[in-house]
Amino acid sequence: MTDVTVKSLAAEIQTPVDRLIQQFADAGMTKSASDAVTQHEKETLLAHLNRDRGNAQGKLTLQRKTRSTLNVPSTGGKSKSVQIEVRKTRTYVKRDPIDAQQAEEEEQARREAEEQAQRAAEEQAKREAELREAAEKAKRAADEQAKREAAEKAKRDVAEKEKVTNQQNENMTKPAQAEKAKREAEAAELKRKAEEAARLKVEEEARRIAEEARRMAEENAGRWEAESAKPEESADYHVTTSHHAREAEDENDRQVEGERRSRSRAGKVTKQKKGNRQSESKADREEARAVTRGGKGKRKPSSLQQSFNKPVQAVNRDVVIGETVTVAELANKMAVKGSQVIKVMMKLGAMATINQVIDQETAQLVAEEMGHKVILRRENELEEAVMSDRDTGVAAEARAPVVTIMGHVDHGKTSLLDYIRSTKVAAGEAGGITQHIGAYHVETDNGMITFLDTPGHAAFTAMRARGAQATDIVVLVVAADDGVMPQTIEAIQHAKAAQVPVVVAVNKIDKPEADPDRVKTELSQYGVMPEEWGGESQFVHVSAKAGTGIDELLDAILLQAEVLELKAVRSGMANGVVIESFLDKGRGPVATVLVREGTLNKGDIVLCGFEYGRVRAMRDELGREITSAGPSIPVEILGMSGVPAAGDEATVVRDEKKAREVALYRQGKFREVKLARQQKSKLENMFANMTEGEVSELNIVLKSDVQGSCEAISDSLQKLSTDEVKVKIVGSGVGGITETDATLAAASNAIILGFNVRADASARRIVESESLDLRYYSVIYDLLDEVKQAMSGMLAPEYKQEIIGLAEVRDVFKSPKFGAIAGCMVTEGIVKRHNKIRVLRDNVVIYEGELESLRRFKDDVNEVRNGMECGIGVKNYNDVRPGDMIEVFETIEIKRTIA
């Protein structure tokens, strides 16, 4: 016969291929869909399937449901009906002749074993009964014998006593009486000893019999245990030998036993309901009561059940406490309720709620008061361990100086640096001003110098402060024609705060109006004294445009660096500071890091503030890929988990997992401090909030190209807030304007400001659909000016009252329609109808209202000019007298602006 494949066989017998392959596998044959199947394999598979099917064909399971209604009493004396459904399952197994014969033999053996055990037990019980009867009989005989002996002895003693008494009564003397008393005492003593001996003899006999009975009982108990331990007598006999059938039979037995117990409980319930409360014991009555209540009552625990007793001795635990902990967390650490902790704190004089954060000292006092051992843990322990586990070199070498160029706006800082680097960076800056820190290192004939160019605008104070902290020497650029300006003074203050030496570059020396001596004089007023005047600062006259004095400036910088003896460890793990950071759409978070010590290599794990990551790529200031950077070298690194804050310390660590833990800890700590600062309510703030009126808010979503610019703009916008209009920055960040930013602006009714960034397509769609205000800027001046205009539009307008006319009342006429009409002469200005007026009497305002009627002769007119007569009717006022003055004015709205 031709072989067929598994797939064709499955199609022939109309079964899935996967199922047929599984059946082959169950039969012990591994097949795939394309394998051939022989006739022998078909027969093997068929036999396997028939064998499996045969196991199940002899088994029949029947289910039966019976429903009944039970009336049970409930609260209030009422009864309610409960539907009870009883489900019964019976399984019947068909036995084959072999199994039936084997089961019959097993049943016969079991019955014989039971009969034999029963006969042995009956014989043993009979022997024990005989022994007990013999022991009791012997005990009774001994008791009777002792009683008889005691009675006979007592009779003999009485007879002898009577005989002696009779003999002595005939002739009794005093010595005879004494002898008689002595004998009577001896007789009583003998009687007592005899009774004691008889009692001891009876007790000894009883003990011997009891010991014999106990020994026989122990022997019988051991023999019964040995017989019960035999497997053929203790095994659970089944009707069939099939494993599945036995399981079904056991399940059936369990259900039958459960039904028997259910019937027993139901019978008890019925008896309870009918009033028959003659239960066997108190436990039965409690069980019946629990069933009657529908299971809600608690059943008395049986004497055989174990019960857990609460330990009396208090458990002392080791409680680990951090710098801050809530009352609930402290209670969990001590395994007590929060209310107990609050009670202890109240006893110690501290009031707290369960969610209140308490400090480490308070938590320590509470835990020790409750008898626990306190282990204080520092929160930054992991951070200190990570920072200490670093490879740092030991040999310090000379390094290049880090020079920061500072000065006022447009004094030529970037142009000076451009000339040194022979590039034109200022042309790429919007408006010709530097918007963020630029870090560059240049090679000179005398050595390498790293320059940091800081913005000069007042808004970038924080950036300038960070630049001073990361620098060794400050080059203060002052224009010779402009002199000392506000940002120049600020730069001097930053340099002094950082204790950094200052080299003054007097720029624009080629201009005709240049006055270097004036610059020296002005700087000397702020503590920057030139060397020729006995000071410590070097003054160099330069021209960034013509290139004059550039070499002298570099020599002065290198000379100052030699005096400082700048050294750094070149080997080992790197340590640096983030100069600037931003989010690049294609490369992700980018951070400009100035290496302070060690060597930063590609692939190092860097921990930087709240962020961490592995350095995936490094570039220098010209955009070239590099693999390592030594001290005083600024580099751009990629691979951080987020955009770090400018000014954060960047440290290379060993373990990325620990770096992640430290970064997450810092984030959580910052969040806790921020929330605590927000939730802290001071008394003066409460009064200020109570007294301040309605304040308008200008919501802003700010996105910038770099972190430093974002911080500077945010700070400047916050300073624009007034008592009436406040600037609220609902969202800020680094990178392009995304759909999330637009959604946030729409939800908070904010305007979107983009500084050197643009919105993507999805964000523009939301801006158009929601009609949001989206504005782009490249110069900070324009941004601040337009925000001021927007805030000015939100200010409440001011109103000014301007007097436009004055009329003198000459006479008063009565009108049936308007009441008192004042006949007036316009002495100044113009009188207009429906304007506000004031009535003055003796130059005192006695009424302020509205001009209702204005007539000239009998005609209604809208206005009457100076030198003309008219009739004026004042609305809702009739007390007009001759000689009064009527002052006509109008209210003018004055638009306010923010200075």
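Here the Cβ of each residue, glycine as well, is placed from N, Cα and C on the backbone.
Taken from Swiss-Prot, the feature compositional bias 'Basic and acidic residues' covers 108-164 (among others).
The compositional bias 'Basic and acidic residues' annotation in Swiss-Prot covers 177-236 (among others).
Here Swiss-Prot flags 277-290 (among others) as compositional bias 'Basic and acidic residues'.
Feature annotation from Swiss-Prot assigns domain 'tr-type G' to 398-567.
A 10 Å cutoff on Cβ-Cβ distances gives GLY407 (GTP binding site) a total of 27 other Cβ atoms nearby, all chains included. Annotation comment: Swiss-Prot describes 407-414, 453-457, 507-510 as GTP binding site.
According to Swiss-Prot, the feature region 'G2' maps to 432-436. Mean model confidence for the region 'G2' (432-436) is a pLDDT of 45.
Sequence-distant neighbours of the region 'G4' (507-510) (same chain, 6+ residues past either end, Cβ-Cβ under 8 Å): 407, 411-412, 416, 477-482, 516, 541-546, 548-549. Taken from Swiss-Prot, the feature region 'G4' covers 507-510.
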Row LYS413 (GTP binding site), column other C-beta within 10 angstroms, all chains, value 29
DSSP-derived structure type at ILE509 (GTP binding site), helix or strand or else coil
coil
Would you list the DSSP helix, strand and coil counts for the residues of the compositional bias 'Basic and acidic residues' (108-164)?
57 helix, 0 strand, 0 coil
GLY407 (GTP binding site): secondary structure state under DSSP, collapsed to three categories:
strand
